[in-house]
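Now, the feature entries from TrEMBL:
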DOMAIN    13-172  domain 'Major facilitator superfamily associated'
TRANSMEM  28-49  transmembrane segment
TRANSMEM  61-85  transmembrane segment
TRANSMEM  91-111  transmembrane segment
TRANSMEM  123-143  transmembrane segment
TRANSMEM  186-205  transmembrane segment
COMPBIAS  213-230  compositional bias 'Polar residues'
REGION    213-257  region 'Disordered'
Amino acid sequence: MMLLELNFKLPTQSLTKEIISHLYNPKVVIFLCAMLLAGVVMGYLETFIYRYLGSLGGSPLLLSLTVAVVAPLNFFLTLASSFLVNLLGHAALISLGLFVISFRMFVYSMLVNPWWALPLEMLDALCSGLLTNVAIMYCTVLFSSKSITSSRGIISALNFGLGQLLGNLVGTEIREVMGDRATLQVFGGAAFVSAVLYGAAYLFITRQSLFTHSSTQGSNSPTETTNNHGTDNKSFEDTIEMEPSDSGTTENTREVL
């Protein structure tokens, strides 16, 4: 008991100001938008997919198996999420998750045999399981230690709350007009565009940040890039970004992008 560390940090006095201050970071803004759009698309899919498979002749056994097949892969990807983040980076995995969502929606729209839904449902581990884990881990990079817990709550509210609500409302209206297959294609296209825009915006913001930082710091800048891993390296460039510290100043932190 005498060796316990009691110099823990007190919570922020103004959580609202702390969260709002992070919204000036464009990486935070595009991250929140990506998670909201992922929630919109997944909200529609999770609500109407069983009805859609039933209309194709899917049995109750098939509908039960769609839930069972994804559980082991979800468990594995949860354990491997830290390794994948170090290998590919947060932004790359978020874009990958959106691309996989888009792929699932387009393939679902072309299904004739409902049993092909089983391999598609296994991809849900990338769409929801891994994507959620990566988003939670990314909060520790984008937000200060005073607001990490609250930021994770905001991400959950955007993805599972507001996003899925909008997906159900908008998807229901589109489905009434266009039908199941066309609606799946619309949401698949939205996920694809979101993945491309998020990846492009992230790379643009990162390069602009590096250019600005190197210009202001000159020869004293600690900026470095390491991207000499050959053609097999699929991760983004390693960069140094400025992150607010708990004392209100800025410090250089290493981020694997």
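Including glycine, each Cβ sits where the backbone N, Cα and C put it.
Quantities reported herein were computed from a predicted structural model and do not represent experimental measurements.
The largest share of C-beta pairs under 8 angstroms with the transmembrane segment (61-85) comes from 123-143, of the ranges 28-49, 91-111, 123-143. Remote same-chain partners of the transmembrane segment (28-49), defined as residues 6 or more beyond its termini with a Cβ less than 8 Å from a stretch Cβ, comprise 22, 66, 94, 97-98, 101, 104-105, 108, 117, 127-128, 131, 135, 138, 142-143, 154-155, 158-168, 170-171, 175, 180, 183-184, 187-188, 190-191, 194, 198, 201-202, 205.
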